[in-house]
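Student: Here you go, one structure.
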Amino acid sequence: MASHDHDHDHHHHHSHDDGDHHHSHHQDGSHGGGGGSWVGEDGRVWHSHDGLAPHSHEPIYSPGDFSKRAPPLISRRFAERAFTVGIGGPVGTGKTALMLALCRSLREKYSLAAVTNDIFTKEDGEFLIKHGALPEERIRAVETGGCPHAAIREDISINLGPLEELSNLCKADLLLCESGGDNLAANFSRELADYIIYIIDVSGGDKIPRKGGPGITQADLLIINKTDLAPAVGADLAVMERDALRMREGGPFVFAQVKHGVGVEEIVNHILQAWEIATGNKRR
């Protein structure tokens, strides 16, 4: 099992799906605090933001392939942290609305808890509490600072801590983790998410699926949201379907209108199927 030291006093090293990442954590704080960048001993350019440990990013040379996506971790102990669903996607595509819809669909039969990521606020967590998605004690809001993708990939401890705490506190069956809004290159580490959902919407036009990026090509499930807006923005859903199938090599995707409940049942079925396979449990 992949392990993380939540203390972060000094160097630690852990393996991610596409290579090793070395995080240099300086005791003297010389590279923390207000940010900045520098060249590390490994030759990579490192940077830091308020609230996050120094980190570097692996260069991305291609959008990736669905068939070559990182598999779920074999040695996961769900007694230590429940099956975790990662929900990523650009700002405004409907991640928080999906979190709310999933909570409403699953909370009667399953013990749930949720962690939200925002860059400088706790707005998404507060939204879930305000709308009664789950009891307040089952929700944690994390402020990631200016590099939201690091919190779901390079320096996941900021999310692992709350997820593990909630998992034990709530005896959770499922954990939901919403990333901060980011670009098409951002995707979850398998050390954090057992099942990865990436959500885009049609407001950017029908070109988005073919632009690719790890989220679109390698998420376990792609959601194309707000299909009701297609006529207004001139997006052709047939083109989006064709491109999604091609970019994802036939991997699953769902057309949805999450706010109106369209496609939510199909999304829930995908999640529960993965949960059953990973945990050996039967859906209720």
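A Cβ is built for glycine as well, from the same backbone N, Cα and C atoms used for every other residue.
According to Swiss-Prot, the protein carries these features:
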REGION    1-51  region 'Disordered'
COMPBIAS  15-29  compositional bias 'Basic and acidic residues'
COMPBIAS  41-51  compositional bias 'Basic and acidic residues'
BINDING   Gly89, Pro90, Val91, Gly92, Thr93, Gly94, Lys95, Thr96  GTP binding site
Student: Other than Gly89, Pro90, Val91, Gly92, Thr93, Gly94, Lys95, Thr96, which residues of the chain come within 8 Å of the GTP site, judged by Cβ distance to the Cβ centroid of those residues?
Tutor: Gly181, Ile199, Asp201, Asn225
Student: Within its own chain, what residues at least 6 apart in sequence put their Cβ under 8 Å from the Cβ of Thr93 (GTP binding site), listed in sequence order?
Tutor: Gly181, Ile199, Ile200, Asp201, Asn225, Lys226
Student: Looking at the binding-site residues Gly89, Pro90, Gly92, Gly94, which sits with the largest number of other Cβ atoms within 10 Å of its Cβ?
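Tutor: Max Cβ neighbours within 10 Å, all protein chains included: Gly89.
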Student: Could you tally the C-beta atoms, other than its own, that fall within 10 angstroms of the C-beta of Thr96 (GTP binding site)?
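Tutor: The answer is 23.
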Student: Val91 (GTP binding site) has how many other Cβ neighbours within 10 Å of its own Cβ?
Tutor: 11
Student: If one looks at the chain holding Lys95 (GTP binding site), which residues at least 6 apart in sequence have a CB under 8 angstroms from its CB?
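Tutor: For Lys95 (GTP binding site), the qualifying residues are Ile87, Gly88, Gly89, Asp124, Glu178, Ser179, Gly181, Ile199.
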Student: According to DSSP, collapsed to three classes, what secondary structure does Lys95 (GTP binding site) have?
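Tutor: Looking at the DSSP assignment, Lys95 (GTP binding site) belongs to a helix.
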